[in-house]
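What Swiss-Prot records for Cys34 is active site, nucleophile, and it gives sequence analysis as the kind of evidence. Annotation comment: Swiss-Prot describes His99 as active site, proton acceptor, evidence class sequence analysis. Residues or ranges marked as active site by Swiss-Prot: His111. Residues or ranges marked as repeat 'Cell wall-binding 1' by Swiss-Prot: 152-171. Positions annotated as repeat 'Cell wall-binding 3' by Swiss-Prot: 196-216. The repeat 'Cell wall-binding 4' annotation in Swiss-Prot covers 217-236. Among the features that Swiss-Prot reports, repeat 'Cell wall-binding 5' is placed at 237-256.
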Amino acid sequence: MGVDIEKGVAWMQARKGRVSYSMDFRDGPDSYDCSSSMYYALRSAGASSAGWAVNTEYMHAWLIENGYELISENAPWDAKRGDIFIWGRKGASAGAGGHTGMFIDSDNIIHCNYAYDGISVNDHDERWYYAGQPYYYVYRLTNANAQPAEKKLGWQKDATGFWYARANGTYPKDEFEYIEENKSWFYFDDQGYMLAEKWLKHTDGNWYWFDRDGYMATSWKRIGESWYYFNRDGSMVTGWIKYYDNWYYCDATNGDMKSNAFIRYNDGWYLLLPDGRLADKPQFTVEPDGLITAKV
């Protein structure tokens, strides 16, 4: 089954002035954004399923899978009905950073956009100038009978980093994800890339650490020259911690474990041993020069 451009145009025309624009509720039937409207229009025209309504970042590869060819990259071209434009450089076009739509003739485009709160027909160059003349790509259908290659699932890697493709073709983005094959939680940033060897302060107010392989830290973890303790859900612990039969103290601000030192907590002083354990009934001696020594 190939892509029929006229069916795609008809899908958009049928919804012109009848749907609203929304990046939060982009899967219809009452609202779409620029990329989801293009996705569903081309799906109605015979394009293959990606498992989700691809955004402008992932639309490039999806178009090529469905028989489109990149015919212009930020260079003049003679537009034809059915050409699809994508504004915004790859890697920086997701969300409000990009835009896409379809040409219905050499000058005009049909697109779902914020300015008209829905699907409208406009002069391409006017809208492009109004948007600040963004970097652009143009794709044209050259093989209407293209059969998309088998989708790659699981862990994927490119020059930027790792991401994870789910069985339904979607990918985690700006969220935690439990990967069964790794038996661990991971976190993926707003571009879908795995965090590695990084701290994350989440919107829940907690701090999390992900090691060089992206695994979320739990229990004790040495990071740099300090030790930290993380709950089973990965959140960093501060204050007193009872671990088996011993007590430890992690800084209330930074979370690093204190050791070989006195700490003041509430109205008392506590002695922590070199390995961080709270000393059990230490004996103190005040030397003639005022130095306090401890016997543990």
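Positions of Cβ are set from backbone N, Cα and C atoms, glycine also.
Predicted, not measured: the structure shown is a model, and the values here were computed from it.
Positions of Swiss-Prot features highlighted on the structure.
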| residue | record | DSSP (3 states) |
| --- | --- | --- |
| Cys34 | active site, nucleophile | helix |
| His99 | active site, proton acceptor | strand |
| His111 | active site | strand |
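The repeat 'Cell wall-binding 5' (237-256) scores a mean pLDDT of 91 in the predicted structure. The active-site residues His99, His111 differ in how many other CB atoms lie within 10 Å of their CB, and the one with the most is His111. Rounded to a whole number, the C-alpha distance linking the residue listed as 'active site, nucleophile' with the residue listed as 'active site, proton acceptor' is 6 angstrom.
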